[in-house]
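Here is the structure we will look at, set down as C-alpha cells.
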Amino acid sequence: NGTVPTWEQREATLKKERHDDLVHETVAVGMMFASKAVVQLMVNPIVGPLTHRIGYSIPMFTGFFIMFISTIIFAFGRSYGVLFLARALQGIGSSCSTVSGMGMLAERYPDDKERGNAMGIALGGLALGVLIGPPFGGIMYEFVGKTAPFLILSALALGDGLLQLLLLQPGVVTTDADPPSLKSLVMDPYIIIAAGAITFANTGIAMLEPSLPIWMMDTMGAGRWKQGVTFLPASISYLIGTNLFGPLGHRMGRWLAAMIGLIVIGICLMIIPTARDINHLIVPNAGLGFAIGMVDSSMMPELGYLVDIRHTAVYGSVYAIGDVAFCLGYTIEFNLFSTGPALSGTLVNTIGFEWMLFGTAMLNFLYAPLLYFLRSPPTKEEKKVMCSEILNG
C-alpha cells in the first residue's frame, strides 16, 4: 500500500540524482584537468638543467611536437583513459615550451625593464590562448562537435612548428657560464617567495576551471556555451593585466604589484560564490584575471632579476622553479578533487564551493605581506658580506 510520490517529490529526487552525477563528474574532470600540472611538475626539474646543456631551441621544438600529438589524441579519443593520457602528455609539452621560452626571453633581454615588457607580452600570448579557448571550445562543441576544435588547434600547432624551424632553427647551444644548481636556487628564500606568489595567485583559477562550469549547471542550469564564456572576462582582463604590469610593475615595484594582486584575488574569490546569474560573475572573474596578470607579469621577470643579482645569469632552472610554482596551484586542485568527496561530501554543493574559494582567498591574504621582503633583496656581494659578518661574529 505504498503511496505514489507526488510530482514535487519526483522532481526533488531527479534534482538530487542530477546533483550527485555532477559531483562525480566534477571529481573526474578535476583530476583530468590537474593531471597536466602533476606531470609538468615532475618534468620541470629535468627540463631546466637540460636547457643549460643544449640550449633553449631544441626543448621548445620538442614541446611543440608533443603538444601536437596530444591535440590529435584529444580530437579522436573517446574514453576517459585516453583523454586523461592526452592531458598528461600536454604536461610534458608545456614544460618543455614554458621553461625554454621564458629562459630564452630572460637571456635575450638582459635589461630588467625590457625583460619585464617582453615577458608581459609572452604572458599576454598565454592569455590570448585562454581567452579564445573556453568560448571557442564551448561554441564549437555545442554547434559542430568535439573533434573540430582540436583539428583546428592541431593545424595551428603545425604552423607554430614551421615558424620555429624557420626562425629559431633548433640546434645545440652550449653556455660557458657555470649555471646555478637547482638546489642553490630552491634554497634561496627570495626565489621561493616569488615562486610562492605565483602558486597562490593561480590556485584560485585552478579551483574554478573544473568546478565553476559544473556549479553553474547545478545552480543556474547553464548550457555548454555559457560555461565556455564564463571565463571570458577573466581571460580578457588577464591579457590587459599582463601587458600593463610588464612595464608598470618595474616602475612601481614588482613586489607591490604582486602584493596588491594577491589581495584582489582573495576579494574576487570571496565574491564569486554569491553569484546567482552568469552576469553576476562578470566583475569578479574580470578582477580575478586582472589580478593574476599583475602577479604573473611581476614575478616571472622578478625570478630572472633575482638570478642576475644573487646567482649566475643562466635561467633554465629558475624558470623550471617558476613553472613548478604555477603547477603547484593545479596540483593542489588535483589533491582536493581526488579527495574532495571525502572532505566535504561535494565540492560543487553551495556550501562546499563557497568554503573552497573562501579558504583559497584566506591563503592569498596571508601570503601577500611576505612580498615585502622582495622590496630590496640583497645581491651576491651583500650576501657574502652578511655571511662573513655572521662567521666573524
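Here the Cβ of each residue, glycine as well, is placed from N, Cα and C on the backbone.
Bear in mind that TrEMBL entries carry predicted annotations, made automatically and left uncurated.
Residues or ranges marked as domain 'Major facilitator superfamily (MFS) profile' in TrEMBL: 1-380.
Residues or ranges marked as transmembrane segment by TrEMBL: 27-47 (among others).
The transmembrane segment annotation in TrEMBL covers 54-76 (among others). Through the fold, the transmembrane segment (54-76) approaches residues 47, 82-83, 85-87, 89-90, 92-101, 103-104, 107, 146-147, 150-151, 153-154, 157-158, 160-161, 164-165, 168-175, 316 of its own chain, all at least 6 residues removed from its boundaries and within a Cβ separation under 8 Å.
Sequence annotations record features per position, and here TrEMBL assigns transmembrane segment to 82-106 (among others). The list of residues near the transmembrane segment (82-106) in space but at least 6 beyond its ends in sequence, with Cβ under 8 angstroms from a Cβ of it, reads 31-33, 35-41, 43-44, 47-48, 51, 56-57, 59-60, 62-67, 69-71, 73-74, 115, 118-119, 122, 300-301, 304, 307, 315-316, 319-320, 322-323, 326-327.
What TrEMBL lists as transmembrane segment is 118-141 (among others). Beyond the ends of the transmembrane segment (118-141), by six or more residues, the same chain brings 101-102, 105-106, 108-109, 148-149, 152, 224-232, 234-236, 238-239, 242-247, 289, 293, 296-297, 300-301, 304 to within a C-beta distance below 8 angstroms of the stretch.
Annotation source TrEMBL lists transmembrane segment at 147-168 (among others). Away from its own ends, the transmembrane segment (147-168) comes close to residues 57, 60-61, 64-65, 67-68, 71-72, 74-76, 136-137, 140-141 of its chain (Cβ-Cβ under 8 Å, at least six residues beyond either end).
Residues annotated as transmembrane segment in TrEMBL: 189-208 (among others).
For the transmembrane segment (228-248), same-chain residues at least 6 beyond its ends with a Cβ under 8 Å from one of its own Cβ atoms are 113, 116-121, 123-124, 126-128, 130-139, 141, 205, 208-209, 212-213, 216, 222, 257, 278, 281-283, 285-294, 296-298, 301. Per TrEMBL, the feature transmembrane segment maps to 228-248 (among others).
According to TrEMBL, the transmembrane segment annotation covers 255-275 (among others).
Annotated transmembrane segment per TrEMBL: 312-332 (among others), in sequence order. Counting residues 6+ beyond its ends, the transmembrane segment (312-332) has Cβ neighbours under 8 Å at 33-34, 36-38, 40-41, 44-45, 47-52, 56, 91, 95, 98-100, 102-103, 106-107, 110, 175, 177-182, 185-186, 191, 194-203, 205-206, 299-300, 303-304, 306 in the same chain.
The feature transmembrane segment is assigned by TrEMBL to 352-374 (among others).
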* Asked: Going along the chain, which residues at least six beyond the ends of the transmembrane segment (352-374) come within the CB cut-off of under 8 Å?
  -> 189-190, 193-194, 196-197, 200-201, 203-204, 207-208, 211, 215, 254-256, 258-259, 262-263, 265-267, 269-270, 272-273, 302, 336, 340, 344-346
